[in-house]
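Step one of this worksheet: look at the structure below.
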Amino acid sequence: MASAPSTTASGLAPPPFSSARGARLLPGALLRLPPPPASVGSFRVVGPAAAPPGGRRIASARVRCGAAVRFIGQSEFEAEVLQSDLPVLVDFVADWCGPCRLIAPVVDWAAEEYEGRLKIVKIDHDANPQLIEEYKVYGLPSLILFKDGKEVPGSRREGAITKAKFKEYLEPLLSTSTVA
């Protein structure tokens with residue numbers, strides 16, 4: 001015959017973690033979670049999780065097939081953008097910018113879709129204040145198209161954008177040959 005759980009004077013069972021049951025709750029003994037998976041969705045997460053010595057935290061990268069969008073800085077701007085044989089779409093972004101993260105998949109798609117016709121680079125707003133000032137970037141994300149080392153008139157675009165609107169924005173700019 002099984003005995004019923006003990007009760008207190010009020011007739012109720014003691015709270016599950018009270019010493020009345022003879023067990024004590026130990027820190028760290030409550031819940032042990034397995035480590036996070038090595039992949040998220042269809043992408044494999046790679047890259048450092050912590051800040052490098054003396055530097056800012058670097059966001060994890062997503063590994064994809066096709067063209068990659070590179071981050072460049074002030075020192076690479078002239079060679080990568082102004083001296084490029086291809087038109088270059090510069091995406092000014094910041095890691096704290098929500099709309100920048102929203103359009104990142106669209107920009108990645110465009111790098112693959114227009115590979116060979118267009119180069120796309122990203123510039124970190126916080127790490128490149130001279131470029132931000134020189135090109136008068138007031139909102140994020142900001143897109144500016146450069147051809148033959150000059151900004152294409154009417155190519156500036158600020159804010160999040162859908163893939164369809166991105167194509168509507170980019171196609172006419174790639175077909176024109178006018179520069180400022």
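The chain as shown is numbered from 1 upward.
A Cβ is built for glycine as well, from the same backbone N, Cα and C atoms used for every other residue.
Annotation source Swiss-Prot lists transit peptide at 1-64. As annotated by Swiss-Prot, domain 'Thioredoxin' applies to 65-175. Swiss-Prot lists Asp91 with the feature site 'Deprotonates C-terminal active site Cys'. Residues or ranges marked as active site, nucleophile in Swiss-Prot (evidence: similarity to another entry): Cys97, Cys100. The disulfide bond feature in Swiss-Prot is assigned to Cys97-Cys100; the stated evidence is sequence analysis. The site 'Contributes to redox potential value' annotation in Swiss-Prot covers Gly98, Pro99, and the record cites similarity to another entry as its basis.
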Between Asp91 (site 'Deprotonates C-terminal active site Cys') and Gly98 (site 'Contributes to redox potential value'): CA-CA distance (Å): 14
Cβ-based isolation winner (fewest other Cβ atoms within 10 Å) among the recorded positions Cys97, Cys100: Cys97
Cβ neighbours of Gly98 (site 'Contributes to redox potential value') where a neighbour is any other Cβ within 10 Å: 10
Cα distance (Å, whole number) from Asp91 (site 'Deprotonates C-terminal active site Cys') to Cys100 (disulfide bond): 9
Long-range Cβ environment of Pro99 (site 'Contributes to redox potential value'), under 8 Å and at least 6 residues apart: Leu140, Pro141, Gly159, Ala160
Pairwise CA distance, Asp91 (site 'Deprotonates C-terminal active site Cys') versus Cys97 (active site, nucleophile), rounded so that it is a whole Å: 13
Per-region confidence, the domain 'Thioredoxin' (65-175) (mean pLDDT, whole number): 95
Counts of helix, strand and coil residues, the domain 'Thioredoxin' (65-175), according to DSSP: 44 helix, 25 strand, 42 coil
